[in-house]
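In what follows, a single structure is set out as structure tokens and then discussed.
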Amino acid sequence: MADQTHVLFVEDDDVIREATQLALERDGFAVTAMPDGLSGLESFRADRPDIALLDVMLPGLDGVSLCRRIRDESTVPVIMLSARADSIDVVLGLEAGADDYVTKPFDGAVLVARIRAVLRRFGHAGGGDRTEGAGAAETGGVLTFGDLEVDTDGMEVRRAGRPVGLTPTEMRLLLEFSSAPGTVLSRDKLLERVWDYGWGGDTRVVDVHVQRLRTKIGQDRIETVRGFGYKLKA
């Protein structure tokens, strides 16, 4: 298992859980599959997987709450699985700290592609609790925007001299904005550059992550340009 990417898959439907586990294992992943949120949390704490796939509707501890508990302890990437793309549960999952979501029923190849895309963003095919990413800002050094400091070498952020804890996805998003302060970046462009989507994606993923980033670096630091996208105030 040490040489494989370890996936924690939490799904209460026996058929989906077993079929998906087999499909992922055929693609070379090591999979721990659990049937409910509480056992999923125990497995996460014991095994420290490289990525977690969480169904939204879970018995005992629902997927959104499980995501929140995981995010309190780790920056490991999380993908939520939802039966409805328009469900408020998708937004709640993203707000709880999920990095992406996949709508059920899903094609196995699509799920594998999404997992690999998330892992590429995190800069590893394995490994757990670190905050890192292949940055959009190629130049090293510290970028300063008012009381906000972005260290593109150390992948660290400070606000008014105090460390700001960001997930790898939030860090990549901030690096993208920092590489072009004052430039409007469309949601589609951010999906392409930050989420590594080679196809159309749900722009709500961008919106929720921008809001999460704002709560950490300042609500007025990232400006919404209606009809176009977002920009970092220079």
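Glycine too: its Cβ is placed from the backbone N, Cα and C atoms.
Note on the DNA-binding region (140-234): DSSP counts are 32 helix, 23 strand, 40 coil. Per Swiss-Prot, the feature DNA-binding region maps to 140-234.
Feature annotation from Swiss-Prot assigns domain 'Response regulatory' to 6-119.
Sequence-distant neighbours of Asp55 (4-aspartylphosphate) (same chain, 6+ apart, CB under 8 A from its CB) are Val10, Glu11, Asp12, Asp13, Gly63, Met80, Leu81, Ser82, Lys104. Here Swiss-Prot flags Asp55 as 4-aspartylphosphate.
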Open item on the list: Just to be sure I understand, if DSSP states are collapsed into helix, strand and coil, how many residues of the domain 'Response regulatory' (6-119) fall in each?
Closed with: 55 helix, 24 strand, 35 coil
Task: pLDDT averaged over the residues of the domain 'Response regulatory' (6-119) - done: 92
